[in-house]
């Protein structure tokens, strides 16, 4: 596995955990600036390696899920977060993208000298909220949540004294959504912590935590007694426009009673933005509230609309974070930690030093490639950085201060936890018909679940909320279970007895019974949750959902060849090999067999192959996926058109091949299939595709003109005269696309006994619904045999 890929996986796992603690628990374990650095690093790595981007990456989404204790609210306009700038050049690059991305008359949006005008305001460190007004009255308050769905905190926002319950003045739209930040001033934070200490209550680490925890209290009386404030920074949905510029919007909102930052300013071009940023940075400590940067937005709203959005953020706004903080210290030692996948990761142990107000004694080193890049030796004087007050990392060695006693950093030959052998990972790639093996950046303990560190992390992942969701099994409890040898694999969780649990620290009768019930309740997971819980390298929550939705059975997932897996959305060859290798491993198979056998797990949602996946194969696509040297999609299409079947391509003689392709490509194809291993591999892929129920689609030109061309059909419930697979095949032979979900674009729904939500939705949408008899009649009318 490449260093970049390994680091991406580490960053995603860490960011997911921090997202959960920040957005769901309101108990962040790291500063926001540290999160920003991790996110920025992940984003940069993914930009350099776009093939490694997956739907489950934190860069593809905002935040985490809303708490179920509050009513969920769907935002009509997504509450997106902002991209970040850490250096002045980042802001200049943002300005360049804005300038080049605009296609409007210069007089409409540029200031003096043709420079884009930006609004400038401090980035408050609080909790983003949405305030919805109807006819001037506050009717709802909501948190951002995951950007799409938040929490209804209406009763709590009403207690924030500077949020108007009724807008002042007149002229406001019938519907107006105001967005802003609820925060706590430095003085208010100090008063709150002092009063909490007096009554023996919980104190807060910083004003942001205090604001978030106060605003999301289930008891609004508690919120009312907290010194919360609000500052608006923009709009969501409105029934009418209220200004042509962002600053105009905020000035209008201020007239209607909304609190707006006193530091709001207009800047002509990027250099004035930088001057504003430097000024605020110098005055940062004297401000009455915490800020972690400055937000710049294109002021002209028409320009904002022209620039639009990316997946996670607007193109017309950016948050310029405060700079890195660095200090010198001594590297005392390098220790090695073992993660869930067995990765043995170096960690720097430092002579404690205060960086940006925080005492730092440890720093990440990522992997041994990073140690080599830095030229790091134990005893060195090193520069530690906390970018934007961030997580500590070693950024440089001061070589001229290296002592004579400095020692090289060496990877342990045996695991520091279990004593098993440590080996360097190997990356196996198949390209142009050949397999190549290269060394990865990661070292791994081969002990697997016999290694206590790996076992603990594997169980923590297995029981997590997005996996098997077994409540009551916290990290400390899992450590006890492993340390006392009560569990040796996830399967052992289902063998735990009441007598074993009640003896654990922190457990009594009620909590023991609750845990046993939670474990028992996890015996019927969805296929997607189970796949995710297995902890397959590179398989996050979204990839697990894709596997479950497309292959629809664990057996197919286990058997799937890497080339077959690449037919799935967003599954590249490297990830496909990781999945295939995981299920090829005998130890992993034994654990899965135990879970599904003696432990009694019953996977839900297994059944027929996903309709879109089943119809996604073409002969030319298969040929292309073989990675024959010099043969791309165009040549693959010519081969499919000429020969019609894979076997005909494999057995084609030189003359036929030369009549189809240029000499170089023809020779490459013949040489490829003359290697018996390649020919057999191709046959195996085709056989598995057919065994799974996939089939070659005709080219679009052959579908046009068929009676059901352009129509989308959905099959739901059971059929008696023919299987759904057969019905699907017959409909597709008539040109129809058979989908697994109902939408407004669906033409006809065939509903048999047991049809559920799909039938309900079809009726709600007023779609044509046929029973089995009507389907058979329709097929017969179109000349398709039904017996």
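Cβ atoms here come from the backbone N, Cα and C positions, even for glycine.
If you look up Swiss-Prot, you'll see 123 marked as active site, N6-AMP-lysine intermediate, on the strength of sequence analysis. Annotation source Swiss-Prot lists NAD(+) binding site at 32, 33, 34, 35, 36, 81, 82, 121, 144, 181, 297, 321. Under the heading Zn(2+) binding site, Swiss-Prot lists 415, 418, 445, 451. Annotation source Swiss-Prot lists domain 'BRCT' at 703-787, citing sequence analysis.
What Swiss-Prot annotates, mapped onto the structure for a quick look.
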| residue | record | Cβ neighbours (10 Å) |
| --- | --- | --- |
| 36 | NAD(+) binding site | 22 |
| 82 | NAD(+) binding site | 17 |
| 123 | active site, N6-AMP-lysine intermediate | 23 |
| 144 | NAD(+) binding site | 23 |
| 297 | NAD(+) binding site | 23 |
| 415 | Zn(2+) binding site | 24 |
| 418 | Zn(2+) binding site | 19 |
| 445 | Zn(2+) binding site | 27 |
| 451 | Zn(2+) binding site | 22 |
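Mean model confidence of the domain 'BRCT' (703-787) amounts to 83 (pLDDT, 0 to 100 scale). Counting only the Cα atoms, the space from residue 36 (NAD(+) binding site) to residue 415 (Zn(2+) binding site) is about 32 angstrom. Under the three-state DSSP scheme, residue 36 (NAD(+) binding site) falls in the helix class.
Reported as a whole number, the C-alpha separation between residue 82 (NAD(+) binding site) and residue 418 (Zn(2+) binding site) equals 44 Å. Across the structure, residue 297 (NAD(+) binding site) and residue 415 (Zn(2+) binding site) place their CA atoms 51 angstrom apart. Rounded to the nearest whole angstrom, the C-alpha distance between residue 445 (Zn(2+) binding site) and residue 123 (active site, N6-AMP-lysine intermediate) is 44. For the domain 'BRCT' (703-787), residue counts in helix, strand and coil come to 30 helix, 15 strand, 40 coil, using DSSP. For the Zn(2+) site, the Cβ centre of 415, 418, 445, 451 serves as reference, and the other residues of the chain with Cβ at most 8 Å from it are 338, 342, 414, 416, 417, 419, 420, 422, 446, 447, 450, 452, 453, 454.
Secondary structure from DSSP puts residue 297 (NAD(+) binding site) in a beta strand. DSSP assigns residue 144 (NAD(+) binding site) to coil in the three-state reduction, placing it in neither a helix nor a strand.
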